[in-house]
Amino acid sequence: MLQSLFKNVWVPMKPYYTQVYQEIWVGMELMGFIVYKIGNDYKRNKALKTLSPALACGHH
Amino acid sequence: MNENLFTSFTTPTMMGLPIVVLIIMFPSILFPSPSRLINNRLVSLQQWLVQLTSKQMLAIHSHKGQTWALMLMSLILFIGSTNLLGLLPHSFTPTTQLSMNLGMAIPLWAGTVVTGFRYKTKASLAHFLPQGTPIPLIPMLVIIETISLFIQPVALAVRLTANITAGHLFMHLIGGAALALTNISASIALITFIILILLTILEFTVALIQAYVFTLLVSLYLHDNT
């Protein structure tokens, strides 16, 4: 299966993936970074929200 | 009938497993690859359509811009087929998800911008200031042009999402209204049904137009930078 994938996909598309789409790979890295930042901030805010009521209860 | 208006926009699962990747890959099955010199009617029709679209879209591009032909043609075929398949009843349309449209818009826009800065740095920087600007307005205009540059991918994604989502919601509402009105007044239900048919025809055109607009704008951003 990998052999047919290599022959039918990678061989014809190699000039595109290696030369033409170099800038698009940079764009995809940027998008990945944005997704990571948003996901990380969401997890951090969620964790803070669950912690802060617990802290508030502890101070009573 | 769905429980509420927005259940058709939730990412689909089958037995607990998300099948959204399968749904995104599905339209590719509908485009058979040409394997012979002279193909059957369907493949010949597909080739003719792709040739017509690509000639029209790539006429303005330089040699560097024309290397993006495969990407632009794949983009218009993918968005067009996904939008059209979403008009089938009870189907899921991936292009209603902002995440998916941002996932298409940001890499392509960033690709065009990086291409511009890499091969034509001075011309790309010159885009931040329109020709003939009065000197007192220069700082403000540079800020405005920078903001308009960074808004481009967001506008691309939100335009597609909003158009397709709004169309689907509207069809859902009008369809629900037509069904509810059948017990109340048959004539008004008939008028609502005719409106629904006209709306469906409009949605077919919107599906194709939005695919064309998305691809054309990416092509224009590329043209500005090559």
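Residue positions begin at 1 at the first shown residue.
Just so it is clear, glycine is given a Cβ too, placed from its N, Cα and C backbone atoms.
According to TrEMBL, the transmembrane segment annotation covers B:12-31 (among others).
Among the features that TrEMBL reports, transmembrane segment is placed at B:67-88 (among others).
Here TrEMBL flags B:100-117 (among others) as transmembrane segment.
Per TrEMBL, transmembrane segment is recorded for B:137-158 (among others). If you look at the transmembrane segment (B:137-158), the same-chain residues 6 or more away from its ends with a CB under 8 A from one of its CBs are 98, 101-102, 104-106, 108-110, 113, 127-130, 214, 217-218, 221.
What TrEMBL records for B:170-198 (among others) is transmembrane segment.
The annotation transmembrane segment is assigned in TrEMBL to B:204-222 (among others).
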Within this structure, do the transmembrane segment (B:12-31) and the transmembrane segment (B:204-222) have 3 or more Cβ pairs under 8 angstroms, counting pairs 6 or more apart in sequence?
no
